[in-house]
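A single structure is presented below for examination.
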Amino acid sequence: MTPLFAFQLRRVARNRQFLFFTVLLPALFTVFFTKIFGGQVGSSAEYQSYAAGSMVSMMAYGSIGAALGATIRISFDRASGWLRQLRVTPVPQTQIVGVDIAVGALLTVPSLVVVALVGRFVNGVQLGLGAWLGLVAVLWAGSVAFVALGLLLGLSLDEKAAGGAMGLVSVVLAMLGGLWVPVEIFPESMQVLARFLPSYWYAQLGRDVAAGSAPAVMAVLALVGFTAGFAALAVLVARRRPLYAVAG
Amino acid sequence: MTSSPALGVSGLTVRYGDTTAVDSLDLSIPAGQTVALLGPNGAGKSTVVNAVLGLVPTAAGTVEVLGGRPRDAVRAGAVGAMLQHGGLPSEARVGEVLDLVRRSFPAPWPLEDLVATAGIEGLLARPVEALSGGQRQRVLLAVALAGAPPLLLLDEPTSAMDVEGRRSFWTTMRGLAARGHTIVFATHHLDEADAVADRVVVIADGRLVADGSAAQIKTGTAARTISFTAADDDPLDVLPGVTALDRRGDTVTLTTGDPETTLRALLVEGRRLPDLEVRGASLEDAVLSLTRPIGADR
């Protein structure tokens with residue numbers, strides 16, 4: 001654990017808004033949706049399926065918010081002049097980006113674990129131990145696509161635009177990707193649209209594993225493709241506009 | 001000790017698009033010197049500082065910092081800087097920032113001494129957002145000093161400070177210079193350059209226009225002022241050498257490029273010159289005459 005990693009982690013952890021939107025809100029949504037809609041289904045098998053689906057969606061929602069929220073902050077550090085100041089210390093520029101990626105990846109874990117615990121102990125979702133571990137593992141691995149997206153946005157946008165993009169992008173990904181309302185009840189055209197969003201495939205990974213099967217190849221390929229695309233764009237942007245470039 | 005200067009700049013040219021910000025600048029600064037880069041806003045002082053730190057691409061010329069490339073000197077922890085567009089991170093405490101920066105250097109400045117030197121006692125537990133402008137500048141100074149770097153580059157370091165803050169800042173700088181640090185600072189405050197620097201480098205339009213001690217720069221320009229008391233109907237502006245005439249009440253002040261000839265002309269006319277005073281130009285007069293083209297308006 002480098003001093004910079006500890007430093008960055010402490011800064012995000014201090015942000016109450018971040019914890020609220022990435023851990024508390026998804027956990028509350030899980031309970032809320034399941035208690036309201038899950039109560040209306042007939043059999044306990046149907047309840048299990050609904051409760052597990054809702055839990056997976058909220059794990060995905062929280063984790064996307066955490067991955068984006070942690071990495072988009074690089075834009076704020078540029079705006080404050082901190083990245084420029086760091087450039088005149090011996091800290092390597094690559095370490096700055098590397099640490100932000102690591103912090104983003106680590107901060108998805110609380111979202112995933114807390115929502116899973118709420119699913120298990122509040123909503124009574126029943127999965128085998130392997131499925132529980134597999135679920136958290138695939139959603140953690142898949143979150144790398146959103147770490148890359150957050151970094152891309154944080155490197156490209158200025159402070160104000162980045163703040164706005166954070167809210168807009170996470171709402172679009174959640175709503176149109178079927179994290180708030182299942183894709184199955186979308187009109188046909190919107191179901192097609194959902195397949196162009198990384199959030200749809202991300203939740204699909206989780207649903208497959210929660211159902212006891214291996215993740216669909218298509219979902220894995222889609223997420224790998226999104227990750228590679230976002231990362232490549234982020235590298236391009238960083239080349240054109242170094243970290244220490246003045247904001248604006 | 002190494003024989004290479006702390007800073008060696010040769011033929012440095014920096015362009016922003018079509019604008020040439022720094023034009024074939026040569027500058028060699030031996031270790032231990034305190035040097036002011038003086039010039040009006042937009043003269044290219046910040047660009048020189050940024051080029052020395054490797055923050056702007058150079059169009060031509062070389063920059064050597066302690067005998068190596070700027071990047072390598074920064075990575076080796078040999079340089080500390082207060083930048084014009086540098087800043088502190090949000091959601092962090094002053095002590096955490098200092099701790100992080102100190103740990104990145106091979107031989108950090110002992111914390112207690114660093115805090116006392118930068119004058120930030122009692123601020124370590126404070127969130128960055130709660131600092132005043134002057135406190136912020138002093139924390140940025142502590143960040144620049146955190147690695148005890150042999151070379152310090154300060155770009156308009158006192159811009160957010162009040163008079164008292166400024167005074168204590170420069171006292172700190174003199175102490176650092178006495179410890180052997182090489183200090184290069186950009187400023188447009190003539191009094192700062194005059195009071196602190198061993199050497200003043202005047203830059204205008206991206207070029208070096210004067211280089212020497214403050215005293216040398218003052219005497220290097222021929223301008224002198226001659227003042228005396230006279231009735232306000234005396235025709236004085238036709239005298240040889242006079243470049244400017246200023247009347248305040250009965251006091252006439254002539255600025256002249258050739259004081260001897262001007263004085264001789266005044267005395268030949270048999271004029272009485274009560275309260276006569278002949279003075280060398282101030283550093284301000286000298287720099288103005290160096291950086292402003294002759295005959296140009298303000």
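All residue numbers here begin at 1 and follow the chain in the order shown.
Cβ atoms here come from the backbone N, Cα and C positions, even for glycine.
This is the feature table in TrEMBL:
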{"type": "DOMAIN", "residues": "A:17-241", "note": "domain 'ABC transmembrane type-2'"}
{"type": "TRANSMEM", "residues": "A:18-38", "note": "transmembrane segment"}
{"type": "TRANSMEM", "residues": "A:58-76", "note": "transmembrane segment"}
{"type": "TRANSMEM", "residues": "A:97-119", "note": "transmembrane segment"}
{"type": "TRANSMEM", "residues": "A:131-153", "note": "transmembrane segment"}
{"type": "TRANSMEM", "residues": "A:165-183", "note": "transmembrane segment"}
{"type": "TRANSMEM", "residues": "A:216-238", "note": "transmembrane segment"}
Take the C-beta pairs under 8 A between the transmembrane segment (A:97-119) and each of A:58-76, A:131-153, A:165-183, A:216-238. Which stretch has the highest count?
A:58-76
Can at least 3 Cβ pairs under 8 A be found between the transmembrane segment (A:58-76) and the transmembrane segment (A:165-183), with each pair 6 or more apart in sequence?
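Result for the transmembrane segment (A:58-76) with the transmembrane segment (A:165-183) is yes.
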If we skip the immediate neighbours and take only residues 6+ beyond the ends of the transmembrane segment (A:216-238), which ones have a Cβ under 8 Å from one of its Cβ atoms?
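Same-chain contacts beyond the flanks: 97, 142, 144-145, 148-149, 151-152, 155-156, 198, 201-202, 204-205, 208.
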